[in-house]
Amino acid sequence: MAISWQEIIDILTKYELLVSVERPNVMEFKAIAYDSRKVSADTLFFVKGNFKPAFLTSAIESGAQAFVADKNYAEGANIAAIIVKDVQKAMSLLSAAFYNYPQNDLFIVAYTGTKGKTTAAYFTHEILQNSTHGKTALFSTIDRILGPNEQFKSDLSTPESLDLFHDMRRVVDNGMTHLVMEVSSQAYKKSRVYGLRFNVGIFLNISPDHIGPLEHPTFEDYLAHKLMLLDNSDQVIINAESDHFAEIYNRAQKGHASEDIFVYGHKGSQPVVNVQPDVSFTGHADLTRSQLLVTAQTSKSKKLGIAGEYNLNVPGDYNESNAASVLIAVGLAHADHQSMVIGLNEVTVPGRMESFATKNHGMVYVDYAHNYISVKALLSFLHQQHPVGKVIVVLGSPGNKGESRRAGFGQAVSEEQADIVWLTADDPQYEDPQAIAAEIAAATDETVVELHYEMDRPTAIKKALLMSTDDDVVAIVGKGLDPYQKINGVDTPYRGDMQVARDVIAEIEASV
Ligand SMILES: CC(=O)N[C@H]1[C@@H](OP(=O)(O)OP(=O)(O)OC[C@H]2O[C@@H](n3ccc(=O)[nH]c3=O)[C@H](O)[C@@H]2O)O[C@H](CO)[C@@H](O)[C@@H]1O[C@H](C)C(=O)N[C@@H](C)C(=O)N[C@H](CCC(=O)O)C(=O)O
Ligand SMILES: Nc1ncnc2c1ncn2[C@@H]1O[C@H](COP(=O)(O)OP(=O)(O)OP(=O)(O)O)[C@@H](O)[C@H]1O
C-alpha cells in the first residue's frame with residue numbers, strides 16, 4: 001500500500017480541506033499512522049485529538065516523513081507539513097485512498113440507533129454468513145471479524161477512520177464480499193466514516209443517550225449525527241415506531257427515491273406521518289426465543305423474499321423489531337430465504353439476553369441494557385414473561401460518561417415497576433459509585449421500587465440472587481460480558497456478570 005504526495009494534494013484540494021503545504025520533499029508514503037508508537041519508515045503522520053507535541057517528536061524519531069495537522073508545530077519544523085481545515089476528515093479520505101478504496105469491493109450494511117446496533121449487526125452477520133458461504137465480515141462493539149481466521153475484540157463501536165480502512169482492506173484481501181458494521185453518532189461527529197458510502201443504512205431508533213461533556217452536548221447534536229447515516233447510504237431502512245420518525249423519514253426522503261426507502265413496524269403501527277410500512281411483523285416471545293411472522297406490504301418489499309415465519313433464537317420483543325430491520329437489509333443484500341430462516345433460528349449475541357435457570361432462585365438474565373430505552377424494554381419484557389414472581393434488578397451507571405443515563409435508569413425502573421433494585425458499581429472510573437447510585441435513586445420512585453445499595457458488584461449480585469425465589473427473575477444489567485470494570489482509568493479484571501452469577505448459584509446449590 002502507498003500514497004503519493006500528488007494524490008494527497010489532489011484529494012485535499014477536491015474536498016476543499018487544504019490550507020497550506022510546507023517543505024514538500026516526499027514523493028510517496030509507504031505507511032500512515034496517527035499514533036507515534038506505530039510509526040515506521042516513510043510514514044505520513046496525522047496529528048489529531050488530545051495531542052501532545054512530544055508525540056510528533058517521537059513520530060519523527062521513528063521515521064515520519066511528513067505530518068498532516070490543523071495547525072503548524074515547531075516540533076515538526078524539519079519535515080514536510082500539510083496543514084488542513086479538518087484533520088479527521090483528511091485522515092478518513094487519505095486512509096481510504098492509501099488502502100485503495102476497499103469499500104468498492106464490499107457490499108456494506110451499516111446500523112445506527114440508540115439501541116440494537118450490535119444485536120442487529122450479529123443477526124445480519126449470521127444470515128449473510130449463510131448466504132455468502134462464510135464471506136461476511138463484522139465490525140461491531142464486541143468483535144471485529146475480518147475473515148475466517150482473523151478476529152479480535154473491538155475497542156470502539158466504529159473504529160478510527162485509519163483503522164477502519166486498514167481493516168476493510170484486510171477484509172477484502174481475506175476474500176470477503178460483505179461487511180456488516182455499526183456506525184455510532186461519535187463516528188460521524190469525529191469524521192471516522194467521512195467520505196464512506198454504505199449500500200444499506202438502517203436507522204433503528206433514537207432516544208436520549210450519550211449526552212455529556214465527552215460525547216454530545218445536546219440531544220439535537222446526537223440526533224443530527226445519527227441522521228447523517230441516511231445521507232451516506234444508497235438504500236435506507238427506518239423503524240416506523242422510532243421517536244422522531246417524521247424527522248428521520250423527511251431526511252431519508254431528501255436524498256432518496258421512495259423505491260430506496262423501506263419502513264418497518266409492528267402490524268397495525270401507524271407512524272406519525274402518513275406512511276404505510278413496507279414490512280410489518282407480529283411476534284410472540286417466550287423466555288428463550290420468539291416466533292416472528294413477517295408480511296411484505298408493498299411491491300418493492302415483496303421482491304425481497306422475506307415474508308414468512310421465523311424462529312428467533314434471542315428473546316425480547318424489541319429483538320423482533322431488530323429482526324424485521326435485519327430481514328429487509330439482508331433482502332437488499334440478496335440473501336436467500338433459507339439463510340434468513342436458519343440465521344435467525346441459530347443466532348446468539350454475546351452478553352445480550354443471556355440466561356440460565358436455577359433450581360430454587362428463579363431465572364437469571366445478563367443483559368447489556370445500559371440506558372433508559374433498553375432498561376425499560378427489558379423490564380417490560382420480563383414482567384410480561386413473569387406475571388407472578390418479582391423482578392429483581394442489579395444495576396449501576398458508569399462514571400465520567402453518559403451522565404444522563406442515571407436519571408434514565410431511575411425513570412425506567414419506576415415506570416416499569418421493578419420490584420427490587422440493587423444499586424451497585426458499573427464502570428465508576430474517577431467517580432464515587434455511591435454518589436452515582438444516589439443520582440439514580442433521586443430519579444427513582446421509591447413508593448414503587450424497593451432500593452438496596454451494595455457497591456461491590458459481585459456481592460450485589462450475590463445478595464440479589466439470595467433473596468430471589470423460584471418464581472422470580474434476577475436481571476443483571478449494564479455490562480453484558482465485559483471482562484473488566486473501569487476504575488480510576490484502569491481496566492480492572494472482572495469475572496463477568498454471567499460467571500459471577502453462575503459461581504454464586506453453584507455455591508448456594510452446593511451448600512444445600
Ligand atoms: C472523544 C473521542 O472520540 N475520543 C476518541 C479519539 O481520541 P483522541 O483523538 O483525542 O485521541 P487520544 O487517545 O486522546 O490521543 C490523541 C492523539 O495522540 C496520539 N498519541 C497518543 C499517545 C502517544 O504516545 N502517541 C500518540 O501519538 C493518539 O494516537 C491520538 O491520535 O480517538 C481515539 C482513537 O484514535 C479514540 O480511542 C477516542 O475514543 C474514546 C476512547 C472513546 O471512548 N470514545 C467513545 C465516546 C466513542 O467513540 N464511542 C462510540 C460509541 C458510542 C455510541 O454508541 O454512540 C464508538 O464508536 O465506540
Ligand atoms: N430495539 C431495541 N429497543 C430497545 N432496547 C433494545 C433494542 N435492541 C436491544 N435493546 C437492549 O439494549 C441492549 C444493548 O443492545 P445492543 O448492544 O444491540 O445495542 P447497541 O445499539 O449496540 O448499544 P451501544 O451503542 O450502547 O453499544 C440489549 O442488551 C437490550 O437490552
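Including glycine, each Cβ sits where the backbone N, Cα and C put it.
The feature domain 'Mur ligase central' is assigned by TrEMBL to 112-329.
TrEMBL lists Gly113, Thr114, Lys115, Gly116, Lys117, Thr118, Thr119 with the feature ATP binding site. Under the DSSP three-state reduction, Thr118 (ATP binding site) is assigned to helix.
According to TrEMBL, the N6-carboxylysine annotation covers Lys226. DSSP gives Lys226 (N6-carboxylysine) a helix state. Lys226 (N6-carboxylysine) is surrounded by 27 other CB atoms, counting those within 10 A of its CB over all protein chains shown.
The annotation domain 'Mur ligase C-terminal' is assigned in TrEMBL to 351-480.
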Can you list, in sequence order, the residues of the same chain other than Gly113, Thr114, Lys115, Gly116, Lys117, Thr118, Thr119 whose CB lies within 8 Å of the CB centroid of the ATP site?
Tyr111, Ala120, Glu182, Leu204, Asn205, Asn322
Have a look at the binding-site residues (Gly113, Gly116) and report the one with the fewest Cβ neighbours inside 10 Å.
Gly113
Taking DSSP states H, G and I as helix and E and B as strand, how many residues of the domain 'Mur ligase C-terminal' (351-480) are helix, strand and coil?
46 helix, 28 strand, 56 coil
Quick one: mean pLDDT on the domain 'Mur ligase central' (112-329)?
94
Chain-internal residues, separated by at least six, CB under 8 A from Lys117 (ATP binding site):
Tyr111, Ser140, Thr141, Ser157, Glu182, Val183, Ser184, Leu204
Integer Å distance between the CA atoms belonging to Lys226 (N6-carboxylysine) and Thr119 (ATP binding site):
18
CB neighbours of Thr118 (ATP binding site) within 10 A?
24
